[in-house]
Amino acid sequence: MTEFKLPDIGEGIVECEVVEWRVAEGDAIEEDQPVVEVMTDKALVEITAPEAGRVTRLHVAKGEIAKVHAPLFAYEAEGQAAGGIDEASSSATPAAKAGSEPETSPAGAGGAAKDFILPDIGEGIVECEVVEWRVAEGETLAEDQPVVDVMTDKAMVEITAPEAGRVTRLHVAKGETAKVHAPLFAYVPEDAAPEAEASDQTAASGASTAEAPRAQPAAPRQAPSGGAGKGPHGRIPASPAVRRLVREHELRLEDIPGSGKDGRVLKADVMAFVEGGAARSAAAPARPAPEAMPAATGPGEVRVEPLRGVRAAMARQMVASASTIPHFQYGEEIDVTELLALRERLKPRAEARDTRLTLMPFFMKAMALAIQEFPLLNSRLNEAADEIHYLPSCNIGMAVDGKAGLMVPNVKGVERRSLLDVAREIQRLTGEAREGRVAQADLRDGTISISNIGALGGTYAAPIINAPEVAIVAIGKSQWLPRFDAAGELTRRAIMTVTWAGDHRLLDGGTIARFCNAWKGYLEAPETMLLELS
């Protein structure tokens, strides 16, 4: 059997969400066949099979998080003996090897021991110190039982058992450093290799005698009727998974007797409490509703949805931009009457070439021409904010509201492209962004952005800069409004409101105003762009 580890799928990406499995356990796969779709914080990525074979296990369920360089699925290569581990996979996946070779685990024959991989325990944390082991080799485990306390550079973290079983090996000694995504301890699941466990218990009768009370979780459940006791810090011991289960059943943690160490509430305790709920509810006095519950109006429950993928990335980006960049806002009206007329004349020619001609190509082309006069708008500050880097290409981004969240792909080298070429590229990027399938290259290296909020009906927006860019413009919808012409006559004109946001560390009001005037000039008299086109 071969373990397929999730490869690097983008610069700086360490995890992704499994969106859809294209195969099931037991399915045959061909080389380069799509196996799974995953969503990073930037785009939807399709993972293909490295070779032909048969899928034996899917390690990560749909909707769960997969880690880069961690096993994603297991398969038997074509011609490989069932249940065997080929030489390539054994050497390529040390974590899997440690958990599958019988000689590395005292669990006995059958290779039943599994390695527990230290998960992510905080943003940017790659290692931690083992402070105290709560268990020893040979001891039994209950699901969600505390196994070890580790200290990061930020806080003490309690690691709990993923399932019931028996500890076979502690990979990291107390006081040593454990690595994130590396094996922390090995254990035999409760329902795995009973023959191996029986032979091991016979060989270590002393340990078995000590383990006897732990192997019978039913007895300690006869806790005092007052429910779970509080831990040393005044908080009832329970894992996040157990607390979530308690909330799902609309229970109070303090009402549930805990059978774990120090009165810890386990999953089995919650389920036992739920099963006996009918008899208990008749005798239990009414209690006030918990004050900490989120407020909700009307019937139904509060629905909780994790913030992941593109939406999580957008949240981080917007917070960083809004909190670190001093925004200067500038608004203007643009008369697009002539531009709309020109587009109507050019649309049939564009459609004859299978291209949809919107106003966006004109906005981009005019912006690229204006940037030649004001290159500061196509620059960025370095991290120390003591250097200005002028960028050679005008890569104009456009905000697209896709099904995966907000994406800002950019058209590369707008200054070198024809109007029709820009329109084709916009059409391609918009379609891919709406499906969440934009390539990483199309999301990188943007220099300035456009948010076309008017496409949805808005007339005004205050955009947030897409760092490290220095400016963004929000375009409102065009409206037919009364305006006075040069002769003082009232006329009907197509007016569009635009709002700029500029990085005030680089751009002052005068610079943005002059740049906007140049851009506006090209849009209000689009034929003048012909003078500048190469």
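A Cβ is built for glycine as well, from the same backbone N, Cα and C atoms used for every other residue.
Heads up, TrEMBL stuff is auto-annotated, nobody curated it.
The compositional bias 'Low complexity' annotation in TrEMBL covers 207-225. If you look up TrEMBL, you'll see 1-76, 113-188 marked as domain 'Lipoyl-binding'. The domain 'Peripheral subunit-binding (PSBD)' annotation in TrEMBL covers 237-274. Marked as region 'Disordered' by TrEMBL: 85-112, 194-238.
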Give me the mean pLDDT over the domain 'Lipoyl-binding' (113-188), rounded to a whole number.
87
According to DSSP, how is the domain 'Lipoyl-binding' (1-76) divided among helix, strand and coil residues?
0 helix, 39 strand, 37 coil
Please spell out the DSSP helix, strand and coil residue counts for the domain 'Lipoyl-binding' (113-188).
0 helix, 39 strand, 37 coil
Across the domain 'Peripheral subunit-binding (PSBD)' (237-274), what are the DSSP residue counts per state (helix, strand, coil)?
23 helix, 0 strand, 15 coil
